[in-house]
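Listed features, source TrEMBL:
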- 22, 80, 119, 438: (6S)-5-formyl-5,6,7,8-tetrahydrofolate binding site (BINDING)
- 225-230, 244-250, 269-272, 345-347: GTP binding site (BINDING)
- 229, 250: Mg(2+) binding site (BINDING)
- 215-364: domain 'TrmE-type G' (DOMAIN)
Ligand SMILES: Nc1nc2c(ncn2[C@@H]2O[C@H](COP(=O)(O)OP(=O)(O)OP(=O)(O)O)[C@@H](O)[C@H]2O)c(=O)[nH]1
Ligand SMILES: [K+]
Ligand SMILES: [Mg+2]
């Protein structure tokens, strides 16, 4: 495969001490010859004067690194220019690179080339995108694991076993044509069932990897004036939502981002649940209910000095955290909706630590890092589900030819997952998520 030569700012934009420009492609060495007075020794930093190739104007004094392919990130000839981080420096060097015939890279193009050159599979490339996006330690650990090949190795192992099954299935077809007895088909069925069960167990993880990657959806619901907005503000540590003594204060959803035990959580404050003639408030109540239905993590707030309201009681589900607020006004009831509530006062902060601990436990249970590497994207789930379904189909197939065909389809599904079957549409989806320069 042969590409043109691309470049991009790999560090953040704006004024900085140092800006990192990255180059990749067959012309990288020639670019260094023209603007940096030659190629430094491979992989060793060298201080060079950078000049425009035509005017010879001095543009910067920079650290230059030369990575001859295939031992580079992309697998191609590549280079790095560590420039002084000013805008004019960057503009001058960019003009010099354009004059050398290099072009600005598209988002994710370096990693795309690394993938196309066999430096990594698609799940590893996705892990790199996730590592760049990681905002919590648990997200970083999950991303590092995936970028390091934890999913790639497992999926490649499954593809290998499937390939062997397919070979045996095809041999069984030939044996049958020769009228020979064979035990291969029984083996294919047994092995296929074991493989489908393994994939099924990997899929039955409650979506924890996807949730850790994307964050949990949380919602606070309750009657008007139960203290939902006060609680949101207390958890967020800032006045994110308006609090007032008037029932029906909150209408729109007010969302804050929290980190609970390494898991990012988008926690929503919602309108108090009640029948109301006010159409704006009624829309707020509808949104509150919808958000409660979608939530991975639901907090139901009751005021300790009021009887529990039927509207909120009706939303309680297994796993809902039940809170009795305003315990400075009245003691918390022993049970609400059959559950012992977490007693607190959003006003004084009393009991807040216990709620935070309970939230962290729920977040860790639903989205914490698992022992084994978890799949992290709907794309993974879809492809693995398809592969498992085709293996089941192969086991049930009435004719050996149909079984072989189903095994081939299962292999294709796994191939799309790892990128062995190169479908352009899949690549665009994966690399479209990247930033420029990676
Ligand atoms: N005494 C006491 N008052 C509280 C406590 N928490 C909230 N309040 C008061 O209760 C009233 C309602 O609080 P909000 O936080 O606006 O209640 P809300 O559930 O968001 O109300 P809506 O948005 O109208 O549904 C305000 O006057 C708060 O100051 C508490 O723990 N103790
Ligand atoms: K209120
Ligand atoms: Mg409110």
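Every residue, even glycine, has its Cβ placed from backbone N, Cα and C.
Values in this document were obtained by computation on a predicted structure and should not be read as measured data.
Confidence annotation: the domain 'TrmE-type G' (215-364) carries a mean pLDDT of 96 in the model.
Around residue 438 ((6S)-5-formyl-5,6,7,8-tetrahydrofolate binding site), taking its Cβ as the centre, 22 other Cβ atoms fall within 10 Å, counting all chains. Other C-beta atoms found within 10 angstroms of the C-beta of residue 271 (GTP binding site) number 28, with every protein chain shown included. Checked against ligand 1, the binding-site residues 22, 80, 119, 228, 229 give 228, 229 in sequence order as having a Cβ less than 6 Å away from one of its atoms.
A separation of roughly 53 Å, to the nearest angstrom, links the Cα atoms of residue 80 ((6S)-5-formyl-5,6,7,8-tetrahydrofolate binding site) and residue 346 (GTP binding site).
Using a 10 angstroms CA-CA radius around residue 271 (GTP binding site), the binding-site residues that qualify from 119, 229, 438 are 229. Note on the binding-site residues 22, 119, 228: the fewest other CB atoms within 10 A surround the CB of 119. Inclusion criterion for the binding-site residues 22, 119, 229, 438: a C-alpha placed within 10 angstroms of the C-alpha of residue 250 (GTP binding site); this criterion is met by 229.
Between the alpha carbons (Cα) of residue 438 ((6S)-5-formyl-5,6,7,8-tetrahydrofolate binding site) and residue 244 (GTP binding site) lies a span of roughly 48 Å.
Summarising the (6S)-5-formyl-5,6,7,8-tetrahydrofolate site geometry, the residues cited as binding it (22, 80, 119, 438) extend over a maximum Cα to Cα distance of 19 Å. Checking the binding-site residues 22, 225, 244, 250 against ligand 2, the ones whose Cβ sits under 6 Å from it are 225, 244. Counting residues per DSSP class in helix, strand and coil order gives 42 helix, 39 strand, 69 coil for the domain 'TrmE-type G' (215-364).
Neighbours of residue 244 (GTP binding site) among the binding-site residues 22, 119, 229, defined as a Cα within 10 Å of its Cα, are 229. Residue 346 (GTP binding site) and residue 229 (Mg(2+) binding site) are 9 Å apart (CA-CA, integer value).
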